[in-house]
Amino acid sequence: MAVKSYQAGVTQYRQSYWQPDYMPLDTDILACFKITPQPGVDREEAAAAVAAESSCGTWTTVWTDLLTDLDYYKGRAYRLEDVPGDDTCYYAFIAYPIDLFEEGSVVNVFTSLVGNVFGFKAVRALRLEDLRFPIAYVKTCGGPPHGIQVERDKLNKYGRPLLGCTIKPKLGLSAKNYGRACYEALRGGLDFTKDDENINSQPFMRWRDRFDFVMEAVQKAEQETGERKGHYLNVTAPTPEEMYKRAEYAKEIRAPIIMHDYLAGGLCANAGLANWCRNNGMLLHIHRAMHAVIDRNPHHGIHFRVLTKILRLSGGDHLHTGTVVGKLEGDRASTLGWIDLLRESFVPEDRSRGIFFDQDWGSMPGGFAVASGGIHVWHMPALVTIFGDDSVLQFGGGTLGHPWGNAAGAHANRVALEACVQARGEGRHLEKEGKDILTAAAAHSPELKIAMETWKEIKFEFETMDKLAIANK
């Protein structure tokens with residue numbers, strides 16, 4: 001065996017980390033980056049630099065390289081592609097050996113793949129567009145605490161999307177008034193009400209008071225309607241210890257579901273809370289607050305499809321995914337892509353939806369896609385078409401903004417939903433015939449009729465900032 005000798009100095013990254021003939025292994029974690037290089041840095045060198053700095057390379061040769069097998073552990077840039085319609089950047093595909101990462105730790109994956117490399121001077125901008133997790137890695141992660149089927153069985157609700165509502169105003173209500181708003185919405189026909197992401201334990205409403213009044217509302221609405229109800233109690237807290245304290249109290253008062261802000265609260269805290277929920281029979285609703293800071297810039301950051309995959313591995317039974325038709329960012333094709341990544345057991349590569357790799361989830365359960373943000377009854381036909389049954393449609397202002405109050409707003413949404421589900425079963429085209437379907441239902445529901453009149457002119461027609469670039473192999 002030849003003995004390698006140490007030679008100090010600086011070499012080009014491409015000499016070790018650009019390998020266009022590499023065939024990725026089934027056990028590799030694959031990444032697609034969008035790279036905008038600095039002037040004068042060629043494509044292969046920039047891609048190799050990203051591969052090196054996100055795996056085991058550094059800026060100079062070090063003698064300790066001889067103490068390990070770099071050919072095994074290094075990341076490899078193996079393919080480059082043009083970005084359609086944008087000649088300032090390109091896609092770089094990088095393969096990482098699975099042994100670079102701690103089992104079951106999406107935190108460890110992120111510290112390498114989206115760590116210091118994102119501040120690297122050789123690239124002007126860098127975006128992680130997609131990841132392929134091999135089934136060997138998926139099997140080491142906890143995933144959703146329960147998943148879609150278990151939640152439906154717990155609630156005894158099948159064959160339709162679930163209905164929810166975020167209580168407004170999001171800040172400032174007392175605990176008693178907050179609970180009253182929940183009760184009215186639940187008895188009006190909703191399945192869930194929800195804490196907003198920034199409701200924690202502020203001076204105007206401490207968390208324990210909110211939990212008590214809300215669960216009183218939930219139990220009263222259940223008794224009156226005969227349906228299982230719930231409220232997403234946000235247990236996001238300043239410390240993990242306080243988070244678990246709130247979760248334990250929610251369990252004590254028999255809440256069926258709690259909530260966590262997984263990006264603001266942190267992936268480590270989220271994985272721990274998901275494990276707790278799994279062990280304690282509690283459903284876990286996930287809010288994505290802070291995501292747009294990370295994913296909205298089309299050239300730098302992390303695409304939301306990656307954040308969706310990370311959440312599914314980390315654990316959550318629900319995830320906010322945008323609405324397509326509401327007030328929040330998200331084009332239809334991309335949204336359908338990450339909805340599938342959240343719910344399906346196998347998602348094939350589909351560049352028309354921005355999916356760069358096949359993704360096999362094995363037997364890991366999926367989660368409910370949550371549509372929330374600027375939606376009202378006129379959006380119901382499109383929402384049922386886009387999101388399907390395994391979703392939660394959350395109308396905040398579209399419930400509490402009803403002229404006749406919360407219960408009437410909830411009733412209007414329930415009637416609209418059931419009309420759309422029935423029409424779908426009859427083979428009607430919901431988006432083309434939506435107006436006729438809702439108008440016919442409103443003839444027997446004054447609450448829906450008033451809701452349709454109230455919001456008939458409300459639209460959110462703004463251009464999507466992060467446009468889907470459809471690329472071919």
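Any Cβ shown, glycine's included, is placed from N, Cα and C.
Annotation source Swiss-Prot lists active site, proton acceptor at LYS168 (among others). Residues near LYS168 (active site, proton acceptor) in space but far in sequence (CB under 8 A, at least 6 apart, same chain), listed by position: ASP196, GLY396, GLY397, LEU400, GLY401. DSSP assigns LYS168 (active site, proton acceptor) to coil in the three-state reduction, placing it in neither a helix nor a strand.
In the three-state DSSP assignment, the secondary structure recorded for HIS287 (active site, proton acceptor) is strand. The feature active site, proton acceptor is assigned by Swiss-Prot to HIS287 (among others), with sequence analysis given as support.
Per Swiss-Prot, the feature substrate binding site maps to ASN116, THR166, LYS170, ARG288, HIS320, SER372; the stated evidence is sequence analysis.
Per Swiss-Prot, Mg(2+) binding site is recorded for LYS194, ASP196, GLU197. Around LYS194 (Mg(2+) binding site), the same-chain residues six or more apart in sequence whose CB sits under 8 Å from its CB are GLY164, CYS165, THR166, ILE167, HIS231, TYR232, MET259, HIS285, GLN394, listed in sequence order.
Taken residue by residue with DSSP, LYS194 (Mg(2+) binding site) is part of a strand. Here Swiss-Prot flags LYS194 as N6-carboxylysine, drawing on sequence analysis.
The site 'Transition state stabilizer' annotation in Swiss-Prot covers LYS327.
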Near ARG288 (substrate binding site), which residues of its chain come within a Cβ-Cβ distance under 8 Å, counting only those 6 or more away in sequence?
-> ASP261, TYR262, LEU263, PHE304, LEU307, LEU311, LEU319, HIS320
In three-state DSSP terms, the structure that SER372 (substrate binding site) belongs to = strand
What three-state secondary structure does DSSP assign to HIS320 (substrate binding site)?
-> strand
Near-site residues: Mg(2+), ref LYS194, ASP196, GLU197, CB cutoff 8 A to centroid | THR166, ILE167, LYS170, ASP195, ASN198, ILE199, TYR232, ASN234, MET259, HIS287
Counting Cβ neighbours within 10 Å across all chains shown, tell me which of the binding-site residues ASN116, SER372 comes out on top.
-> SER372
